[in-house]
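A.B. asks: I am attaching a structure below and will ask some questions about it afterwards.
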There are 4 protein chains.
Amino acid sequence: MRFITAGESHGPVLTTIIEGLPAGMPLNINEINEALAKRQEGYGRGNRMKIETDKVEVTSGVRHGKTLGSPVTFSVVNKDYKNWQSVMSAEPIEEELSKKSRVVHRPRPGHADLVGGIKYHHKDLRNVLERSSARETTMRVAIGAVASQLLSALGVEVVAYVCELGGIKGQVDVSEMSLAEIRDRANQSPVKMVDAEKEQQVKDKIDETKKAGNTLGGVVEVIAEGLPIGLGSYTQWDKKIDARLAKAMVSINAFKGVEFGDGFEVGRRYGSEVMDEIAYNAELGFYRLSNHLGGIEGGMTNGMPVIVRGVKKPIPTLYRPLQSVDIYSKEEYQASIERSDTTAVPAASIIAQAVVATELTQAILEKFPNDSFDELQQAVANYREYSKNPDMWLEEE
Amino acid sequence: MRFITAGESHGPVLTTIIEGLPAGMPLNINEINEALAKRQEGYGRGNRMKIETDKVEVTSGVRHGKTLGSPVTFSVVNKDYKNWQSVMSAEPIEEELSKKSRVVHRPRPGHADLVGGIKYHHKDLRNVLERSSARETTMRVAIGAVASQLLSALGVEVVAYVCELGGIKGQVDVSEMSLAEIRDRANQSPVKMVDAEKEQQVKDKIDETKKAGNTLGGVVEVIAEGLPIGLGSYTQWDKKIDARLAKAMVSINAFKGVEFGDGFEVGRRYGSEVMDEIAYNAELGFYRLSNHLGGIEGGMTNGMPVIVRGVKKPIPTLYRPLQSVDIYSKEEYQASIERSDTTAVPAASIIAQAVVATELTQAILEKFPNDSFDELQQAVANYREYSKNPDMWLEEE
Amino acid sequence: MRFITAGESHGPVLTTIIEGLPAGMPLNINEINEALAKRQEGYGRGNRMKIETDKVEVTSGVRHGKTLGSPVTFSVVNKDYKNWQSVMSAEPIEEELSKKSRVVHRPRPGHADLVGGIKYHHKDLRNVLERSSARETTMRVAIGAVASQLLSALGVEVVAYVCELGGIKGQVDVSEMSLAEIRDRANQSPVKMVDAEKEQQVKDKIDETKKAGNTLGGVVEVIAEGLPIGLGSYTQWDKKIDARLAKAMVSINAFKGVEFGDGFEVGRRYGSEVMDEIAYNAELGFYRLSNHLGGIEGGMTNGMPVIVRGVKKPIPTLYRPLQSVDIYSKEEYQASIERSDTTAVPAASIIAQAVVATELTQAILEKFPNDSFDELQQAVANYREYSKNPDMWLEEE
Amino acid sequence: MRFITAGESHGPVLTTIIEGLPAGMPLNINEINEALAKRQEGYGRGNRMKIETDKVEVTSGVRHGKTLGSPVTFSVVNKDYKNWQSVMSAEPIEEELSKKSRVVHRPRPGHADLVGGIKYHHKDLRNVLERSSARETTMRVAIGAVASQLLSALGVEVVAYVCELGGIKGQVDVSEMSLAEIRDRANQSPVKMVDAEKEQQVKDKIDETKKAGNTLGGVVEVIAEGLPIGLGSYTQWDKKIDARLAKAMVSINAFKGVEFGDGFEVGRRYGSEVMDEIAYNAELGFYRLSNHLGGIEGGMTNGMPVIVRGVKKPIPTLYRPLQSVDIYSKEEYQASIERSDTTAVPAASIIAQAVVATELTQAILEKFPNDSFDELQQAVANYREYSKNPDMWLEEE
C-alpha cells in the first residue's frame, strides 16, 4: 500500500490516493467521516474547525460499498475556500491582486514558514504555510480510518487517548481496562482523556492558558490489540516495525518524540525489571507475563498489545506574540496570529491512532497475501491458528 | 544512497554494499576502522568484543583512496567464526551434526528468538539470533563513518555521548560547549559521558550491577552542527527529516524511544516557553535565539544544531535468569545466557551517531546534486551563501 | 517525483497526484488540456471519445500559475458517468439493482478481464475492466504534459509520431527533419504520421478494416532532443535510463515491445556498422557522427537525440467476435463488444510521448537540484556549459 | 526482495547482497556455479573468460544448505585481480604510480567511457569502464540462479536460447517443443541455439567476422512455464509484469530492445489474428487456444508461457577500430581494444534467463506470503488449485 496526500489549507480540496488496498473489502464511508469529525473536536480548538465539516467524497476504487483493488481516491472540500478564491487560485491572477493581497512576509517561529521560504525560494510565505499546516492531517485520518476498518475486520483494534495535557497526567492504569472501555471514555471526554477525575483540571488549565494567550502540548498514547505475531522484521534495519511506527508518529505535525512500552523509563531500570517473561499454555500458546516492551521485540510484534506514545509541542501560534523578523525589511516584529487553538492535543490522539493503524496495515499487507480481502482474512486466520500452536510450527517435515 | 547490511553474528563475514555515493570523494579507511574500534569499547562490555578486532576490507567502489561512484562494498571478518564453522556452515552438514549440535530451543525474553522462530518457521532459534544480534550494528557504524567523512568535508560535524546511564544523568550543560569539546570528553570517558564528575558513580553502578547479574540501559544524545537549512520537507509526511531520524534511531537494537530538542518536556510547557524566536543580522542572516526544537521546524533543518536522543533498554541477557519456556518440551526454565555485557550504552552512542550521520547524508544527497563530490561541495557552499543572504533569496526576477 | 493515477473508466472522476515537482515552475493548464485533446483525436476512434472532452481541474500544488513544491492534484470529470451512476456508485446499492444490472461475466480475450477476475476474486468482471481500460492513460498524458513543460523550459523537446500503422510504414527519413517540423506534420495528420504520402493509404486501410469489423495496431516513435549528457547511470542495473524508458513504454496499455535507436536491427548488423563514432570541436565539445544507439550508451544519455519506438497491438475488442467462455455457465460464446475504435495508434503516440517525457523528467530531477525551479534551471545551464567544455571537466584541482 | 550488485571488472571481488528471500529454502550452490560457468561459455568469446572460473562464496544468509530469511551475500573472486593490484587498489598509491599507469583517456564509442567520465568528473576513464563492464552480469546470473531454484521448487521453469545471431535466424518452431528439450538443445549448442541445422552456419559467420576484426549481435528468447495466473497488475502502470520484465531485459548491457509474444509483428496484423481466444475444460479450467501475447494480458501473467525476446547489439570493441577523440589532447585516434569477444550473444541468453527469473520471482514474492518457504509453497499450490477451479472463485459467500 502506498499513498500520497495533497491539498493546501485554504485551497479548494484536500485529496489522497491510496494504492494497493485489497479488492473486495467492505468500506464504510460513514465511519471515515466519523473519524474526520473526531479530529475536528476537542476542548481548546479555535474557529477554523467551526467553518469546516469534513466529509470525504470517494471518486475511485470503491464500487457498491467494496474496494475494487484499484486506487482509492478521497477528496474533502475546504468550505473556507470560498473566502480565499483569488488568493489561492491555481490560475494566474492580475498583477495588482497578486502583489499585495495577503502576501505573508513575517515568518512565525515554530512553523515551517522561514525555512520553507528559503528552501523553496518562496517570496510569499503563504506558499509554505498553506501546505505545512496541520490541515494535511485530515487526509491522514481518512487513510487511517480505512486502515482501521481493515484491521477491525481482521480482529485488530486500535485506540488512542490523551495521557497527559499541559503537564497534567492521567492516573488511571489503562492496562487493566479493555480497549472498548478506553475508547468509550476517550470518546466521551472533551479532552480525550481516560482519567475522568483529571478532566476538569485539564479544562481549567486550558481556559486559563487561553486567557493568558498561551498554548499547551501533551502526550498521546495509542494501543493496538490482536495483532498477528511477527509483523516487521529484524533482518534489515528498515523493516523493524517500531522504527516504522516511530517515523509515522514523528511525521505528525508538531510531534517531538515517540516511545514504546515503558519508553524512556526502560533506560532507568534494571534489565530484570523490563523484560517480558515467556509462558505457555495450550489455549494461548506462548504468551508474556508483562508488557514492558510495548508488544515489540526484535523489531517485530510479539502478540502483546502494541503501545506507542508521542509528544506534541504546544501550537506555536500565540496571542502572546513571539519575536520574529520581517523577511523584506529585516525589522523585528512580534509574530502574527494565523490561527488560534489553545491546544490540539485531543485531535492529535485521533491522528496518532490513524497513523499507527496505517503503518500496522502496511505491515500486515506485506506479510500476508492480499489481492483480495477474503484471501487476506483467510491467511490471517490460518496464521493465527498456526502461531499459537507450536505443533504446527515444529512438526517434522 | 541505499544500502543493505548482511551477515550473521558467528558467520564468516559481515558485509554491506552502499550504492549511490558521489564519485571522487576521498575515503579514509583508517577512520572507518577507528569508528569500529569505538563501537567495541565501553565500560561494561563482555567477552565477545575481546575476540573481535573489527576492520573493514574495501572490495569495490573505491580506487586510490577515492570513491568511484559505483557501489562500495565493505566486509568485516568475524574472527570468532573459526570456532563455529560447522555450526554456521552454508553448506549442508551431516545429519548427525546438524541435529543436535547447539540447536537453540530456549527463547530468551527481550530478544527476537521466539517471535522470529514462529514468523520464519525456524526450528532452531539460532537461525534467528544470529541475525537479530547487535553484531549487525558493526556495519551501520561503518556506513555511518563514511557518512561522517562526507558530512565533515561539507562542514557538518556530528557527535554523540551518553547523557544518562542506569538512571544516572550527566549534569553538564552541553549547549555551552563546542562539539570538539563534547567529542573529546566522550572519547576520553570509558562510559562516553561528558560529565566527568558522574563518571565514577556510573562505573560503580555498572560494577555493582554486574555483580548482581543484572544489566543497565540509558540515554544517548547525538548533536549535528553545520547542516544546510532545509533538509527534509513538510510537503509529504515521509519526507520529514525528524520522522526519518526517528526511524533510524529506533531501528538500533534495543532502542525504545527517541526525542528531539527538549523532547517529551515540550509537552509539559507553555507554547511561549518552547519556541525558538527569530532574529537577523547581516553576518548570520536569519538565526534563532534558542534551540528548544532541536534544530528542526516543519520537518526541516532550521540551521540550529540538530539534537536527537534515544533510549536503550538494558540488555535482556542476564546472569540473573528470566522465565521462559522450551519450545519443544513446553517446560518452563530459566533463560540461558548467550552473552554478557552489563551495559552497551556507550557503544550505543557510537551507533546512534552513525545512523544519524547516515540519515543526514541521505537528506543532503537528495537535496544537492552529487554525481561527483566536487559538484556536491560546490552546490552546498553556494547554497550556504544563498541561505544566509536574504537578498539572493528575495531579489526580483 | 512520484505519482499515482486513479479512476475508473465510467467512474465520476479520474485523478492523479504528482509529488516532488520543483516549486516556482510556471504551469500552463491550457497546454495540458491541449495534450488531452490530442489523445482523444485520431482517425479510427469510436464513440466514447465523442462523449468526453477531457479537461483537468487543478486542486492543489499550484497557485497563481506556478507550482508550490507541494503535491499537485489533477482531476478530470468523466462526462459519461451520469449514465452510469448506479452501476458505478461507491455507495452500496440495493440488492436487486446490484445483482443483475450490467454484471459482466463474459471475459474478452486480449483484455485483463479473465485474469483480473481470478486474481482479485471479482465476480463481476466490470470490477476489472473499469480500471484496466486505456481511459487511465488520460492521466498519464496530463502528467506527461507537465513534464513536457518542465523539459521545454530546460531546452529539451520531445515529439512523437506514428511510424507504422496496420503494416504500412512511413518512408520519410525524420533524422533529416527538425523536431518542430516532425511535430507540425504529425499534428496535421489525422493518423499522426509524418509521411503525408502514406496518409491516404493508411486511412483507406482503416476504413476497410472498420468495415470488416477488425482492428489495427502499429508502431510509434518518440524523439527527445536537448537532453543533458549523463541522465541515468551504469552503476546499478535499475538506474539505466533505457531500462527505465522501456518500462514506461511497455506499461502503456497494449504495448508489446520497445526498441532504441536502430533497435532490433542492431542484432543483424556488424559492430562496425552500429557504433556512433566520437568527434570533437570547440563549439559542441565531444559529439557523435551518427546515432545508431538512439542517444543512449551505458544506460546514460549521450547528448544525441533519444529515440524510442514502441509497438501497440490492435485493440482486442472486435465487431468480428472472438471465442470466449462465460465464467458462470462455462459455455462458449463469441466475445462481446465493449467499445469500438478501429485503431488507437495515433492516440498511442501521444501517450508514448507523455511517458517518455515523464521518465526523462524523473531522471533530470534525480541528477539536478530542484527544490525550486530557478535552482534547477541554473544547475542545468551550468552543467550544459561544463559538459561541452572538456577544460572544465579535466582541469587540475 | 531487493538486491544490489557491486564490484569492478578488475577489482578483487564481485559481491551481491540479496535481501528478502524466504527462510528455509534449499539452496544448491553448485547449481549457481553451473549457471556462472554457462555465462562464461559460448563460441566467439575472447580471452578474459579463460582467466576466470567464477565461483560464488556464500558468506551470509544460508546455513546448512537452507536460507535463513536474512540477507544472502555472494562473492566471486576476480582471479585477474592479481595482475591489477596497484592499478585497482582501494588504498591511495604513490603519486608516480597513480599518474601514468594505465590511465585511460581514450573513450571507446558504444561504451559508457565518455559519458561516464563527464557525468562523474572522472579524469581516468578506467574509473568508468571498470563498473560499466559486462563483468557485472556475473552477479545478475548468480541472483537469477537463486531465483530459478525458487521458481523450480514452485513448478516454474525458465529457459533461454539464442534465436538469431549475426542475422541468421533459427527456423525451428519451439512452441512445439518441451522446455526440457529446448534447454537440452541450447545447452549442447556452442552458440546456444535450438536449431542445430543453423549452428554450423552461425559458427562460420563468427569465424569470418573474427577474422575481419568485427563483431556480431543477436536476439535471445526466454520462455517461462508454469507461472501462477495473475502476477503483476493492471491497477497501476508500474506494477505491470511486462513493463517490469522490459526494464530487466533492457538493463542488460548492450540490449537495445525487448518484445513479448509475437512482439513487433503484432503491430502489423489484424486484431483477429493476434488475440488468444479463451476455452475451458474441467481439468485445466480456463485456457487459451494460442499464445500471440506471450502469456501476458493486462500486465498480468495469463497462464500461458511467458515469452520475452531481447536484442543485443554487437560488442563495440573491435579489432577494426572506430574513430574517437583523446579527451586530453582532443586529437582523433582509432579506438583501442580493451577486450575481444567476437560475440557474446550466447552468454546474453544466460543473462536474459537470469533477469527474467529474478523479476518473476519478485512478482511471486509480492503476490504470495513468503516469510518461510513452506508457507510460500503451500500458498502457491492452493492458489493454483483455486485458479483453475471457477467454482472456488465464483461461489456465493
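Cβ from N, Cα, C; glycine included.
Just so you know, TrEMBL annotations never went through curation; they're auto-generated.
Sequence annotations record features per position, and here TrEMBL assigns NADP(+) binding site to B:Arg39, B:Arg45. Sequence annotations record features per position, and here TrEMBL assigns FMN binding site to B:Arg131, B:Ser132, B:Ser133, B:Asn253, B:Ala254, B:Gly298, B:Lys313, B:Pro314, B:Ile315, B:Pro316, B:Thr317, B:Arg339.
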A.B. asks: Near chain D by Cβ (under 8 Å): which of the binding-site residues B:Arg45, B:Ser133, B:Ala254, B:Lys313, B:Ile315?
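C.D. replies: Listed binding-site residues passing the 8 Å Cβ cut to D: none.
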A.B. asks: Which chain-mates of B:Arg39 (NADP(+) binding site) that are at least 6 residues away have a CB under 8 A from its CB, listed by sequence?
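C.D. replies: Result: B:Asp54, B:Thr137, B:Thr138, B:Val141, B:Ala347, B:Ile350, B:Ile351.
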A.B. asks: With CB distance below 8 Å as the criterion, list the binding-site residues among B:Arg39, B:Arg45, B:Arg131, B:Ser133, B:Ala254, B:Ile315 that sit near chain A.
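C.D. replies: Cβ contacts with chain A under 8 Å: B:Arg131, B:Ile315.
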A.B. asks: Please give me the CB contact count at 10 A for B:Ser133 (FMN binding site), counting all chains in the structure.
C.D. replies: 21
A.B. asks: Tally every other Cβ atom lying within 10 Å of the Cβ atom of B:Ile315 (FMN binding site).
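C.D. replies: A count of 26.
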A.B. asks: Taking 10 A as the limit, how many CB atoms besides its own sit near the CB of B:Ala254 (FMN binding site)?
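C.D. replies: Around the Cβ of B:Ala254 (FMN binding site), 23 other Cβ atoms lie within 10 Å.
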A.B. asks: Would you count the other C-beta atoms found within 10 angstroms of the C-beta of B:Arg131 (FMN binding site) for me?
C.D. replies: 29
A.B. asks: Counting Cβ neighbours within 10 Å across all chains shown, tell me which of the binding-site residues B:Arg45, B:Lys313 comes out on top.
C.D. replies: B:Lys313
A.B. asks: Which of the binding-site residues B:Arg131, B:Ala254, B:Lys313, B:Ile315 has its Cα closest in space to the Cα of B:Arg45 (NADP(+) binding site)?
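C.D. replies: Closest recorded candidate to B:Arg45 (NADP(+) binding site) by Cα: B:Ile315.
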